[in-house]
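Lifted from TrEMBL, the feature list:
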type     : residues : note
TRANSMEM : 23-45    : transmembrane segment
DOMAIN   : 38-287   : domain 'G-protein coupled receptors family 1 profile'
TRANSMEM : 57-78    : transmembrane segment
TRANSMEM : 98-117   : transmembrane segment
TRANSMEM : 137-155  : transmembrane segment
TRANSMEM : 197-222  : transmembrane segment
TRANSMEM : 234-257  : transmembrane segment
TRANSMEM : 269-289  : transmembrane segment
Amino acid sequence: KNQTSINEFILLGFSYGLRVQTLLYLVFLVTYMVTITENAIIIFVVKRNHHLQKPMYYFLGNLSFLEIWYVSVTLPRLLFGFWSQNMTISFSSCMTQLYFFISLMCTECVLLAVMAYDRYLAVCHPLRYPAIMTHKLCFQLSIFSWAGGFSISLIKVSFISRLTFCGPQVINHFFCDISPVLNLSCTDMSLAETVDFALALVILLVPLLIIVFSYCCILSTILCMPSAQGRKKAFSTCTSHFTVVIIFFSATLFMYARPRRIRPFNLSKIVSVFYAVFTPALNPLIYCLRNKEVKEILKKII
């Protein structure tokens, strides 16, 4: 009761020497620009080319749009901190950043499950696929992904924002993430921890189970195909998505499917850099390099 609540935090970020910080600034700036450019190109190509007006590319466009905002939630603030050496962030800005980052992450979980369901229908039920995966259903599934992600995040952040935070006001991270923020609370956070952990398991494990089930059915169907060419074509339509799923879920399960009171450490920060900064830059490359249609259209445009 004698502690004074604080209304701003200090993001510790990457507290290294000036040369290292300058190098990190350039790396993150280039990564941010590349990520925005890559995903914007994919959205443009998918929207402008009638050959790509298919459910798979519609969801890929959604994913690219999400990745642009995903990196924009964290990187501009980090770059500004490198440039100005001002790493303070107000409580309201911290909660806003936390809300949008978690919302986009939860949306990506659901969207990847939707894309796995789309591949399941395309491979396992090819004759019924056009009748099932209509434009209306694609739109409904995308809306469900975005609404589900933002709704779950709203519940999580509403419980966290009610806590009282006391000194020290240093967040050992480069953005406001759940675990580092919760570690600064000086009131009972058991309810907020429980709600956050339960919702994290739901939003991570339910889509992951859908993805695993879809790919088990896909693999079973592919192995039963008599034609080697047919098996190769079916594999090629799924490998890029499966690669993205492995990268994304391995990092997010490590970070979020565990109790929140684990103290932040440098390994967590490195993992966060991987899935919050570099993965959005890798995803477009993975999809384009593994997709003949997109590669051919990009060659024509260039």
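Glycine too: its Cβ is placed from the backbone N, Cα and C atoms.
Across the domain 'G-protein coupled receptors family 1 profile' (38-287), mean pLDDT in this model comes to 86. At the 8 Å Cβ threshold, with sequence separation of at least 6, the transmembrane segment (137-155) lacks contact with the transmembrane segment (234-257), having fewer than 3 such pairs.
The transmembrane segment (98-117) and the transmembrane segment (234-257) are in contact, since at least 3 Cβ pairs between them lie under 8 Å (pairs 6 or more apart in sequence).
Long-range neighbours of the transmembrane segment (23-45) within the same chain, counting only residues 6 or more positions beyond its ends whose Cβ lies under 8 Å from a Cβ of the stretch, are 14, 16, 52, 60-61, 64-65, 67-68, 71-72, 75-76, 78-79, 82-83, 277-278, 280-281, 283-285, 287-288, 294, 297-298, 301.
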